[in-house]
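Copied from Swiss-Prot, the annotated features are:
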| type | residues | note |
| --- | --- | --- |
| COMPBIAS | 154-186 | compositional bias 'Basic and acidic residues' |
| REGION | 154-204 | region 'Disordered' |
| COMPBIAS | 189-201 | compositional bias 'Polar residues' |
| DOMAIN | 323-417 | domain 'Ig-like C2-type 1' |
| DISULFID | C343-C399 | disulfide bond |
| DOMAIN | 422-521 | domain 'Ig-like C2-type 2' |
| DOMAIN | 529-626 | domain 'Ig-like C2-type 3' |
Amino acid sequence: MASLAPFFKISDSILADESFDDLEINNHFKCTSKDLNEYPRTSTPLPGEITSIYSLPRSYNNQNLCTRSKPTTFISQNQQKGMTEKPKHSEYFLRLMKTRQEMQKKLTAKNGSNKSVQQYLRKLPPSTSKEVTIIPVKMKPDDNSVYISKELSDRTDTKLPKVSTKEVEKFGEQSDDEERHERSHIASDFNQKTPQSTHATSNHRKRIFIGRTGAKQQHVSKKATESELPYNIDVSTSNTTNATEALKLLKRPLLLPSKDPRSSKMPRLDLNQHQFRCKQYIVHSQFTCTQIEKTFKCRVGTSTESEDLDDYYFDAMPDGKAPHFPQQPVARQNDDGSLELECFVDANPTPQVKWYYDNKEVENSGRFSANLANKGSDSYSAILTIKELADADAGAYRCAIVNPHGKGNANFNLKLTGFSSPTFVEKPQISSRDDGQVMVMEFRAKSILEPTFVWQKLVGGGAEEIIANSDRIKAVKKLEAGNVYYSALEIKEPTKDKDAGQFICTVKNESGKLTATFTVKFEVPEGAPSFTRKPQILQQTSAGGEPAICFDIGYSARMNPQVTWISPKSKKMKESSRIKFKTNDEGNGNFTAQLELTNYKAKDSGTYTCNIKNDAGEANVELTLNIEGPLDDYADDSEN
């Protein structure tokens, strides 16, 4: 304001003089008045607050009111209006004030405001302005390890309490212009003084290995679709590791700028950042670290002078290894239908493992069980087992592994897009009941989706579908507990001619099928009746000279076999004038059985059965007679 006083005193002459050209940015202007030569010419705006744009017109009018009796050249009304209306349209604003305000904004953004910074720093002792910035760390080529130079020194303070690493938070980076503006803003509110701390430093330097930082990520897609297992599973897996090399703060900083509401965290030493944040403060400048046994002392200040530095103590992390996934996670199904999610990890010390399903922790229960197994050295295997897998088990699973050196996550995305083909719970087998009168082919299969059962018999190299639920054959299907189905084929009075061979049952659902195969063999016990040749129907003449039909059967048997003939009406036949039975012993256990039918008529047509039985077993053979002609009445020769 003092430097602008001459300008206001002669403002009347400046505006009235015809030789007045313009005002320049750097306060240089052309005028014929000699008094103006006393106005200081500067290359930059002077410090201090810029006068209001209304000051010049107001001073000008007041001066004219006081000297109205003197001959004075007044400015016109339009000219006065141009200086007194809104600032952005006034001539004074456009010529001088607007230009100076633009310059002031640029300088404020670069160096801070004149009022807040320059005046405040005149009163503030230099030692009370403390700033900290972490030195960028250089990385070696093709190496994930981080190295930093540190000074060795002796620790002079006593044991200090530790602070948990959970209070650590990274703040980020700022450009140079943003840092200058941030320092100016913070310094405006800093109003406390703290004495400096003393320290001792050694000149010996040593290069110290800190550890591994950074993150690795792997993605793999795996699909398990085994036809013999009860599920088709689509599993997407990924690994993420984040190993943080941090130094835990032991002593709270003493000299720090105040009032930054963005964080209430304690400081953390992160080797890859230029700033760190600590409890309501942001600090950034330069620092040096000194190793004292297993503790690091950080010297912080605005200059390299030792008297301007403050000491902060950080506890070095113990030796060990952050969690690392050496291979891809695995998802597999067991024969019992359970699902296992397994991830492999290298860590030291032993990590803590937690499993999450849709971001909710999975607790050990009847269906879920978690296990961590040591595979030797620092290798571990974390397994989550899911029993009785159901539709509701699909979703996102996460294995969270953490130890003091870092943490890692293995992600599983389980999709049950469809269930696999049925599986055997009980293998196929053949049994009998009702004293061998019923043959049963049965098995049990498990299927989540309801299956269909189709029974077939191989005939002549092909497959013939069996008609179920007939008088002699019956198919059985029954649902039991746990999605288990029982299926059986029951055959009454099975015979070698009809029922020997291979039977197939196909179990099918929307995802696949299962085939059960049965082989039926009829084994004749020693001495049991068996047929030695193909039965024959012969046309001949009886002993009385009458036309006759003879059913001739050859068989072998021991232990006095008995022969029984069954008529087409399923009745036991007896001898009569028209029916004669003959049995001839041919030796070596071979026999011939004959049924002679004389005076045969059309009504004698039908299927006749010869049953041969002894203590070792029995055998049956059927013969079909077809006689053409009128159906005359004849006597019934069967037993009542």
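Here, residue 1 is simply the first one shown, and the rest follow in order.
Keep in mind that glycine also has a Cβ here, set from the backbone N, Cα and C atoms.
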Discussion item. Averaged over the domain 'Ig-like C2-type 2' (422-521), what pLDDT does the predicted model reach?
Written reply: 85
Worksheet item: Counting only residues 6+ apart in the same chain, whose Cβ is under 8 Å from the Cβ of C399 (disulfide bond)?
Response: P329, L341, C343, V353, K354, W355, Y356, A382, L384, N409, A410, N411, F412
Worksheet, complete the sentence: Students should find that the Cβ of C343 (disulfide bond) has, within 10 Å, a number of other Cβ atoms equal to 27
Worksheet, complete the sentence: Per DSSP, the domain 'Ig-like C2-type 1' (323-417) contains 3 helix, 62 strand, 30 coil
Worksheet item: Mind checking how the domain 'Ig-like C2-type 3' (529-626) divides into helix, strand and coil residues in DSSP?
Response: 3 helix, 61 strand, 34 coil
